[in-house]
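S.K.: Starting off with a structure, shown below.
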Amino acid sequence: MTIDNYDNSKQDSSKYEVSGTGDGRNGDGGLPLVQCVARARIPTTQGPDIFLHLYSNNRDNKEHLAIVFGEDIRSRSLFRRRQCETQQDRMIRGAYIGKLYPGRTVADEDDRLGLALEFDDSTGELLASKATTWDAHNDTLVRIHSECYTGENAWSARCDCGEQFDRAGRLIACDHEPTSNIKGGNGHGVIVYLRQEGRGIGLGEKLKAYNLQDLGADTVQANLMLKHPVDARDFSLGKAILLDLGIGNVRLLTNNPEKIKQVDHAPYLKCVERVPMVPIHWTNSSEGIDSKEIEGYLRTKIERMGHLLTEPLKLHTNPQPTETSEAQNQNRMNSALSSTSTLAI
């Protein structure tokens, strides 16, 4: 079949329905059900191509995303075979192996690579072969990132969200970051992009919180003054997406102990390492974000939300004496992992 005679009436409407894996990985134990609706290759400025996955779910009406580095990291819900679909249908929604090229007619085989996907004949489920699919036991660099319009699109110096997003991409793409001595993902990893603006309160309420901050409140106080939780995000969506992608061992890019706790879903998913996200300006004063607003933001994260950072404390925010130390960070980490004995730091 060619693009010219493709008949979109043959598309199976069930592709928009949300479904789980049926084996306890997704949709059980309080996890939301997620369904990858579409996947497409995106050439990037980071070096390797990424595959952008769009997800629906039964928890909210938002379209969450997974930015996947590595063609062989495959969504189980996307690649599952569906009744009455054609190979062209599968290619158009992104359920193909290798790369698309003009004239290609088969999604499940790539003649140029000499590889073919395998499926369970009775269920249509993708069978994970090491020759074609990323092994769940591989340690995979992961960032669970929440949407931040101001930090990612409006050059905001109130937060480091945009900086963390960009750095996560660079770390996943590289094999090693010399300045931090962090082992990169070598082209394999995932940024789960959750549409949870303003720690879950939405952009409008976040802008109101900014005004309260200019009036003297910190980020925690501002949320509470607006009758919102300190953090209203739901990281279980990220967990469900990672399970759908067949990820088992996570090297988590975070300073947030709550994310470390929430990523665990025994026996299928565990955090094997926390990779710290130290603000760039703290290690190189000529780079990164330098403002009194971001210093107050980071101080509140550390002192009021328990984030795993040690301040350099040459801040504009009239710092008071602090006992924050590596020992305190270790205590916070131990607390975060009290219910997760499998984590290796």
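A Cβ is built for glycine as well, from the same backbone N, Cα and C atoms used for every other residue.
What you are looking at is a predicted structure, and each value in this text was computed from that prediction instead of being measured.
Annotations for this protein, taken from Swiss-Prot, read as follows:
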REGION    1-27  region 'Disordered'
BINDING   Arg143, Ile144, His145, Ser146, Glu147, Gln164, Glu197, Gly198, Arg199, Thr219, Thr254, Lys259  GTP binding site
ACT_SITE  Asp231  active site, proton acceptor
ACT_SITE  Arg233  active site, nucleophile
REGION    312-345  region 'Disordered'
COMPBIAS  317-345  compositional bias 'Polar residues'
S.K.: In whole Å, how far is the residue listed as 'active site, proton acceptor' from His145 (GTP binding site) when you measure between their Cα atoms?
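M.R.: Pair distance, Cα basis, whole Å: 14 Å.
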S.K.: According to DSSP, which kind of secondary structure is Arg199 (GTP binding site) found in, if we only use helix, strand and coil?
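M.R.: In three-state terms, Arg199 (GTP binding site) counts as helix.
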S.K.: Could you measure the widest C-alpha to C-alpha distance across Arg143, Ile144, His145, Ser146, Glu147, Gln164, Glu197, Gly198, Arg199, Thr219, Thr254, Lys259, the residues recorded as binding GTP, and give it to a whole number of angstrom?
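M.R.: The two farthest binding residues have Cα atoms 22 Å apart.
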S.K.: Look at the binding-site residues Arg143, His145 and tell me which residue has the greatest number of other C-beta atoms within 10 angstroms of its C-beta.
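M.R.: The most densely surrounded of these binding-site residues is Arg143.
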S.K.: In Å, rounded, how far does the Cα of Glu147 (GTP binding site) sit from the Cα of Arg233 (active site, nucleophile)?
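M.R.: For Glu147 (GTP binding site) versus Arg233 (active site, nucleophile), the Cα atoms are 11 Å apart.
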S.K.: Using DSSP reduced to three states, classify His145 (GTP binding site) as helix, strand or coil.
M.R.: strand
S.K.: If you measure from the Cα of Arg233 (active site, nucleophile), which of the binding-site residues Arg143, Glu197, Arg199, Thr254 is the nearest?
M.R.: Arg199
S.K.: Given Glu197 (GTP binding site) and Asp231 (active site, proton acceptor), what distance in Å do their CA atoms have, once rounded to a whole number?
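M.R.: Here the two Cα atoms are 11 Å apart.
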S.K.: Which ones, of the binding-site residues Arg143, Arg199, Thr254, have a Cα no more than 10 Å from the Cα of the residue listed as 'active site, proton acceptor'?
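M.R.: Within 10 Å of the residue listed as 'active site, proton acceptor': Arg199.
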S.K.: Counting only residues 6+ away in sequence within the same chain, which have a CB under 8 Å from the CB of Thr254 (GTP binding site)?
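M.R.: Residues satisfying the criterion: Arg143, Ile144, Ile260, Arg274, Val275, Met277.
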